[in-house]
Amino acid sequence: MPFMTVLFGNLIDAFGGAMSIHKVVDRVSNVSLQFIYLAIASAVASFVQVTCWMITGERQAARIRNLYLKTILRQEIAFFDKYTSTGEVVGRMSGDTVLIQDAMGEKVGKFVQLVVTFFGGFIVAFAQGWLLTLVMMATIPPLVVAGAVMSNVVAKMASLGQAAYAESSVVVEQTIGSIRTVASFTGEKRAVEKYNKSLKSAYKSGVREGLAAGLGMGTVMVLLFCGYSLGIWYGAKLILEKGYTGAKVMNVIFAVLTGSLALGQASPSMKAFAGGQAAAYKMFETINRTPEIDAYSTTGRKLEDIRGDIEFRDVYFSYPTRPDEQIFKGFSLTIPSGTTIALVGQSGSGKSTVISLIERFYDPQLGNVLIDGVNLKEFQLRWIRSKIGLVSQEPVLFAASIKENIAYGKDNATDQEIRAAAELANAAKFIDKMPQGFDTSVGEHGTQLSGGQKQRIAIARAILKDPRILLLDEATSALDAESERVVQEALDRVMTNRTTVIVAHRLSTVRNADTIAVIHQGTLVEKGPHNELLRDPEGAYSQLIRLQEANRQDNRKANPDARSGKQMSINKSASRRSSRDNSSHHSFSVPFGMPLGIDIQDGSSKLCDEMPQEVPLSRLASLNKPEIPVLILGSIASVISGVIFPIFAILLSNVIKAFYEPPHLLRKDSQFWSSMFLVFGAVYFLSLPISSYLFSIAGCRLIRRIRLMTFEKVVNMEIEWFDHPENSSGAIGARLSADAAKVRGLVGDALQLVVQNSSTLVAGLVIAFVSNWELSLIILALIPLIGLNGWIQMKFIQGFSADAKMMYEEASQVANDAVSSIRTVASFSAEEKVMDLYKKKCEGPLRTGIRTGIISGIGFGVSFFLLFGVYAASFYAGARLVEDNKTTFPKVFRVFLALAMAAIGVSQSSTLTSDSSKAKSAASSIFAIVDRKSRIDPSEDAGVTVETLRGNIEFQHVSFKYPTRPDVQIFRDLCLTIHAGKTVALVGESGSGKSTAISLLQRFYDPDVGHILLDGVDIQKFQLRWLRQQMGLVSQEPALFNDTIRANIAYGKDGQATESEIIAAAELANAHKFISSALQVSFFHLVYQEILLWLFYAINQAPKTFVERSACYLKNVGV
């Protein structure tokens, strides 16, 4: 661009310096040819610039995502307890890396180009007239200060906005990850309200960011106008006093003008840098963090093997989140190798903490944990964990196939080893029944399988690891009696010659342990074999036995039907058969309230035809209807900003004319035109911040509205919709975070720039036509070529963006699974496996990003070639018209300047092509959700309600198949009657379909054939929210929200429960004591305590129908 000012000087000489009008064409032809050369050079440079920087940005973003996830997986468990959550991690990987990519990609190339243009302009200016250039540079220091202040303020506002969006990501992850809990307790509105609250903070920060950017750039531009004014006034003075020529003065002014305009165009890049800096700060704060317990550390001892002797020596420990509440105070325990020890005790006594310390999830504050006499801290962490196998209370599976989940236990495991492990865990039988066998997908967190099936796969994973030390944290708690017996036998075989630590809540499961250790309030109070401990009737173990037996007796008295089959009967003979009768129906290996595996390629045909369709801009515009007054005012301000630069054509042509006037007129006119520049500077200073502020309001409101509208739609979807991997919490979180942010590429700053550049283009064309319509028509005929190039480029990028988005959602789910299951990942030292899988999933988006960069580079290069080609054509055509006496040089000059300003607007808009293409693809993805109608919609008010509900339940000839597995029949003509006030137990082997009945009763799904009646009314006729409010559900794996215990309990009553109601519910659930106790530090790690809180939910809901999936957990709890 600075070189163009030299060519422009030559153009002035060609027109004004020609002695004969007939020599103008020859001289201008040479200049036009030079412009063609410049067009070729600019096209090549632009292609290389955009392509290389976009590819660089794509690779840097991928590298940062990988590095961030790797660092996250490297952190100690305490980091996840205190500093982060799954939603925040996925939100930052999806949203913040987009900002970082923007700041490190083509915006850097653009900024470098503009900086070079800025300095190049001033170098040319110094070469032509150093004195005038020095005077005009007086405005540079305040420009730098204004730019620095703007960047800092914008970065601060952007950081606040990203923090708010990170909070909203947590809401999304928790809500979608626990959607059955939310649906069961009709918590959709509360989730939306909480999400909206976090979006309000982000909206305020976004608007302030827009205002700060507008004020900053307004200040920068008014200083530039002051520089122009000073240059014109002082240039006239130099002509009068120093013998400067008008051509030299104009050359300097044009060079400074080009450099200064380049600085003004740096606003989008500077905003991108500020946003990227704010986003990178939080991510690199984590990346640069050194974990206290480093999973990647290669230092430490590695022995040939270990025997398995474990010793706790005078251990003091408190959890990092509750440092003031001591778990262990001088705790000591010795576990000889090859023996089995069972840890028993009341809730919160510290049993699971022993497991966590052996796995080295935490380190004790004082004392030592020893294995084979060596301090656990001295071992290489990955090596020692490879010798330890863990099966937790809540089995954690990853969104992969069954085979891949079992293979986590051993690197490079063969198919034979995987099958052998599954057979030992009594899992091979149900796996073989599945259509895809071991290749069946287990879904997000393993939700495609029943609880017992998940637990057996987790046990198989631990068996495959072949550990020297085996840690069983109530490993068989989710199994039915028969499966528990078989799996326990398998575990007994596996435990042979291994050191085994069992954390037990049901004392009946630990009778055969070599040693039983009773822990009370973090202290070992009793230790010995079962029979020996029973000899002391006043001993702690004996008291626990009596307490559990008393609880069982109380339960039987309170619920006599529990012993008699719980009133299950066939409908036709319900009145004649006793409550002891059992209903014998077909058993299948079927899901726990959800379908079996999902094959992404063979998924439900119903969802396959819901592919995103292109969204017209009018659809987005209609969502901005409430902001029409704001958009109109913002557009007016943008139009004013846009027309100022084309008016330069008039101002500068008059300035050139004035420079060749007599001294007395030159002095007078130079003062007038320099003052006009000050006026235009003031106008620009007012219009730019106003337009930036108003468009930020409109853009931020639209993004907030889209996010809220999409999330509200998501939480009201039927449960089937969430069975699909593409609708997992990670994928939905990525869409709401990244896609909604990309939509802003069509509104806000982008729309402001489009309006401003459009007005620049229109004003430039108007001035050009008024000056000379023939020359303007010639040029106007060439401009559509630039537009056609942009359109073709956009179509290419749009297709690439859609492909990349779909592939990146799969990668986001890998990260989501890993972080939400960090203890399992750490226990199996699976960090590298997760990273390999994540990198593999990111390869597709990276390749697509590179193709996008190449296409964008081609489009950008062609745009520049056409731009300078238009200049060359206009000069040559102008020379012909001058030669034919159809125009004059000043008019050609005015047309050129007007079109130059218009071309700047076109070139700026062409840089938005990539962003707008990605935005359209993102909008299609968003509206695919918004436009989908939920098949079971809890937000609908239609349906009947009754004042009094008795609670009679009847299944009438129900047949059902899960929509995602239509080839597996779950129920065939099921008939079942449950009388009001009676307790009915559904029994059967694990995965037989028991939980399916509960899912149908809750209307998570609807039967294919038949009816489910409640008090004689088909449940599909009830208002859905009202129906679910009449039921209380306690699930096998309870989900608590990241909130206070009080808030979690109050969730059972729309969050409106009084303090007395909360306490009453706590007492009824027999958990008020442990909540009030100081020993609740680790209760979030204890499933049965979670279930007690779930009982709060259900009790608070005051249900007519109480649905329980947790008997195997609760029936022997003694607290």
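Quick reminder: no glycine exception, Cβ is built from N, Cα and C everywhere.
These figures come from a predicted structure and were not determined experimentally.
Look at TrEMBL and you will find 1-275 (among others) tagged as domain 'ABC transmembrane type-1'.
Tertiary proximity for the transmembrane segment (35-55) is limited to same-chain residues at least six positions away from its ends with a CB under 8 Å from its CB atoms, namely 3-4, 7, 105-110, 112-113, 849-850, 852-854, 856-858, 860-869, 871-872, 875, 914. Taken from TrEMBL, the feature transmembrane segment applies to 35-55 (among others).
As annotated by TrEMBL, transmembrane segment applies to 111-128 (among others). With a threshold of 8 Å between CB atoms, the same-chain residues lying at least 6 positions outside the transmembrane segment (111-128) that come near it are 1-3, 5-6, 9, 49, 136-137, 248, 251-252, 255-260, 262-263, 265-266, 269-270, 273.
Within the chain carrying the transmembrane segment (134-155), a Cβ under 8 angstroms from the stretch's Cβ atoms is held by residues 122, 125, 209, 212-213, 215-217, 219-220, 223-224, 226-228, 230-231, 234, 252-253, 256, 263, 270-271, 273-275, 277-278, all 6 or more beyond its ends. Under the heading transmembrane segment, TrEMBL lists 134-155 (among others).
The transmembrane segment annotation in TrEMBL covers 210-234 (among others).
Taken from TrEMBL, the feature transmembrane segment applies to 246-264 (among others).
The annotation domain 'ABC transporter' is assigned in TrEMBL to 310-546.
The annotation region 'Disordered' is assigned in TrEMBL to 549-590.
Positions annotated as compositional bias 'Basic and acidic residues' by TrEMBL: 549-564.
Among the features that TrEMBL reports, transmembrane segment is placed at 628-652 (among others).
Taken from TrEMBL, the feature domain 'ABC transmembrane type-1' applies to 632-918 (among others).
The feature transmembrane segment is assigned by TrEMBL to 672-695 (among others).
As annotated by TrEMBL, transmembrane segment applies to 775-792 (among others).
Positions annotated as transmembrane segment by TrEMBL: 849-872 (among others).
Residues or ranges marked as transmembrane segment by TrEMBL: 892-912 (among others).
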Answer key: the stretch among 210-234, 246-264, 672-695 with most Cβ pairs under 8 A to the transmembrane segment (628-652) is 672-695
Please work out the mean pLDDT for the residues of the domain 'ABC transporter' (310-546).
84
